[in-house]
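One structure is given below, encoded as structure tokens.
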Amino acid sequence: MLNDECSILLIDDDVDVLDAYTQMLEQAGYRVRGFTHPFEAKEWVKADWEGIVLSDVCMPGCSGIDLMTLFHQDDDQLPILLITGHGDVPMAVDAVKKGAWDFLQKPVDPGKLLILIEDALRQRRSVIARRQYCQQTLQVELIGRSEWMNQFRQRLQQLAETDIAVWFYGEHGTGRMTGARYLHQLGRNAKGPFVRYELTPENAGQLETFIDQAQGGTLVLSHPEYLTREQQHHLARLQSLEHRPFRLVGVGSASLVEQAAANQIAAELYYCFAMTQIACQSLSQRPDDIEPLFRHYLRKACLRLNHPVPEIAGELLKGIMRRAWPSNVRELANAAELFAVGVLPLAETVNPQLLLQEPTPLDRRVEEYERQIITEALNIHQGRINEVAEYLQIPRKKLYLRMKKYGLSKEHYKF
């Protein structure tokens with residue numbers, strides 16, 4: 001395998017030419033490895049190698065297009081610089097259109113060759129640095145150890161190198177919007193706007209406004225089935241342009257096949273997403289992620305609330321692992337925050353003291369539990385009613401009525 005000290009992989013079937021180029025490039029300070037056949041050379045290229053390929057365009061059994069296809073099977077961003085004779089210029093031009101870095105016509109101008117090599121190496125180092133940053137970011141910030149999570153990170157890293165449209169689908173709280181946000185943050189359009197809209201029949205007519213706001217960035221549309229066929233065709237046309245004005249991300253609860261079967265997505269838009277749809281699994285499908293996620297959100301909540309991180313008893317941890325978590329990560333994060341302030345996060349968890357008491361009517365138990373939940377929410381948000389209502393996902397008026405019922409005052413929780 002080539003290490004990163006070797007910066008140029010040189011291919012030419014003429015040994016004398018190979019030696020001449022090798023000598024010239026080594027005198028210029030580059031580490032070169034020469035090969036007389038591209039198939040042999042390909043075996044020496046490791047993943048994320050920081051070098052480039054410099055090759056003759058016409059060799060027995062291998063054209064410039066063949067060579068580019070061979071090397072781009074594993075990494076379509078590996079720079080390939082072609083050297084061509086006069087009669088092979090059309091082939092070299094075609095190869096550049098299909099992804100080769102550039103080409104030089106024989107006789108080669110050494111000065112121009114060195115400039116192209118340095119530009120290609122600079123670009124290559126930038127690509128590898130971004131990949132490493134993406135990998136480290138996703139490893140640290142996307143919590144989980146399941147096989148699905150490993151594949152999710154890898155898929156996001158791969159797609160972040162493109163600006164192609166992506167479809168995320170699954171239940172609420174499974175990471176659909178998180179995936180969309182990381183695609184933007186780690187992608188080519190990271191400096192552009194991140195525009196997100198939950199489409200409804202009422203706002204679908206504002207699509208052009210959403211598109212204008214997303215220029216140069218990422219447009220995330222939840223429930224694109226609310227768009228008319230004409231609007232869907234328009235989105236598909238924009239994504240088919242050579243230079244896409246923005247990255248399109250679709251978010252839904254169903255797969256594209258299910259959307260198509262229900263006649264909710266136009267064929268043109270379907271094919272924009274067809275190769276890049278990502279199924280986001282529920283927590284019940286990836287139980288290996290539950291414990292690390294709970295511990296992550298517990299530490300996060302304790303840091304924000306300035307509380308010590310409590311120990312998680314073995315039985316409680318077993319209960320957390322057994323729970324289905326129907327609202328997925330969102331529900332798990334809320335449970336971790338409640339545990340940070342002393343509330344056991346499982347609805348089925350019973351206070352041992354209650355087992356020694358006479359049976360309590362169900363309505364009273366429900367009221368006691370509701371009062372406890374509201375009390376803890378007031379503690380967490382220090383009596384700020386808007387935040388408490390949003391946290392509990394109930395209207396402010398309903399929250400005030402419940403507080404009045406249980407004799408709770410927001411003033412007692414402000415500190």
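Cβ from N, Cα, C; glycine included.
Ranges compared are 45-64, 245-264, 385-404, and Swiss-Prot records DNA-binding region for 385-404. Less than 8 angstroms from the CB of Arg176 (ATP binding site) sit Phe168, Tyr169, Gly170, Val251, Cys280, each of them six or more residues away in the same chain. Cα of Thr174 (ATP binding site) to Cα of Asp56 (4-aspartylphosphate): a distance of 49 Å. Close to the recorded ATP site, the chain also has Phe168, Thr178, Cys280, Ser282, Asn328, Val329: residues not among Gly170, Glu171, His172, Gly173, Thr174, Gly175, Arg176, Met177 whose Cβ is within 8 Å of the site's Cβ mean position.
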